[in-house]
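These notes are about the structure you will find just below.
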């Protein structure tokens, strides 16, 4: 028994989990802290944070296909190690620059009329964006490729590994910001920068070693499908077959060993062709994504990003206007993590009972049913929704009545560090009723309670659905194109996420939040309708026939629902 325990803790699967946990912990600490640092640096204004968010989303949207193409064209170990080093080095460099700014901000303001400080801000945002792009490359290669190879052709093992990866994500999403928040609360932002830089330096060395060990323990990682055609995606740009059904099951196609792959001497390429190559790759990547048999499933997942019904700064900012305290919100976030983990458990159970595609259908119905509570909350007592108030009233008042732009209320920045929940709706961190003498009558909590009950309960279906689509992409995208297709999928996710922030910018006042909820639920419904259409094409008349899949069935056996599976 002791031998089996030791064998597990030294297996490629466990080492992959450990490396992912270290990487995700560092990522979550950095993403939380960098937004707080930018708020702190720019006079407690949200401007730099907004610019950073826009740059990050725009970069992944434009470069997602190119990053995926780079992942496909290079050996697995080279891609993983390069992206790891670039990501962690960028975070370390950013931390050092931020420490310098915090130490010498007064002096930097006086040099060259403040332009040197502005240059430092630009440098921080640029390097942080490079770190995020490298993180995207790491996620594509590890979570969409390495994990498939390590699982082999065991679909149940792949499903369990996907679910475990998501559980690690859920835990680090909560614990990492809490940890770094406490350090910044009881220390200072500069100490927080130093801690994150030190963590990333240590983590980079350990992760590098873990990647090498996983690579050694899994010989098939050294063999990778590569295409020999002039264009990587040439054959996928052909006309899409309307009756194509996904072959569910992991199909590891070993065509060429690229572990020591030396590219053949290429013909002389003109300057114009080199300039046009990224644009051609971008176009071919999106066309290839459209031609995938799981295109509708991927689009369905992307549409779920167009929502305010999550635990981001928008929803938590609204909660503050409704009188919820930071401590209550932290408990709600903890509850959402628990339901998210329940979703990963439900996914593995449903896949075994009903098959992969039907698991997505059941998860979608469960998520939408829970979100009905959010729709009901819009019309309950305590809801501030007032359609007679123009959604643009807040913007017009600030532009035409010379009101100051929203800024984070000072002097309590430690509240940001403790909760990470700046109120984006009225520009204040403190809850709307933080001062008993100045606050209006208490707002009824029926509406906001139903809202968060729906959001938290829907996480079960959401994460189960996410895992379903993730495994569908893993199983049905051929090995040599996993990178570029998943890169485009990331771009689609970021595009819809960007649209949801634009939606909030256009209607920022609390009276319009109910309208945003209704729009969000509509997009979720459209996403699941797309998935239903995909399932209908894939399963045909057997769509609603739920049965236990045969684990020994061939990967492409009929019905396609006999598969297993962020």
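Backbone N, Cα and C define each Cβ position, glycine as well.
Those TrEMBL annotations? Automatic predictions, nothing curated.
Residue ranges 411-434, 483-506 are listed, and TrEMBL annotates 483-506 among them as transmembrane segment. Range 443-462 is the one annotated as transmembrane segment, of 263-282, 383-402, 443-462 (source: TrEMBL). Relative to the transmembrane segment (483-506), the listed stretch 294-320 leads the set 110-134, 294-320, 326-349, 361-380, 443-462 in CB pairs under 8 A. By the Cβ criterion (under 8 Å, sequence separation of 6 or more), the transmembrane segment (512-532) is in contact with the transmembrane segment (361-380), since 3+ such pairs are found.
Remote same-chain partners of the transmembrane segment (110-134), defined as residues 6 or more beyond its termini with a Cβ less than 8 Å from a stretch Cβ, comprise 30, 34, 38, 41-42, 48, 51-52, 55-56, 59-60, 63, 67, 83-84, 86-88, 90-91, 93-94, 97-98, 100-101. If you count C-beta pairs under 8 angstroms between the transmembrane segment (326-349) and each of 83-104, 294-320, 361-380, 443-462, the highest count goes to 443-462. Across 83-104, 294-320, 443-462, stretch 443-462 shows the highest tally of CB pairs under 8 A with the transmembrane segment (361-380).
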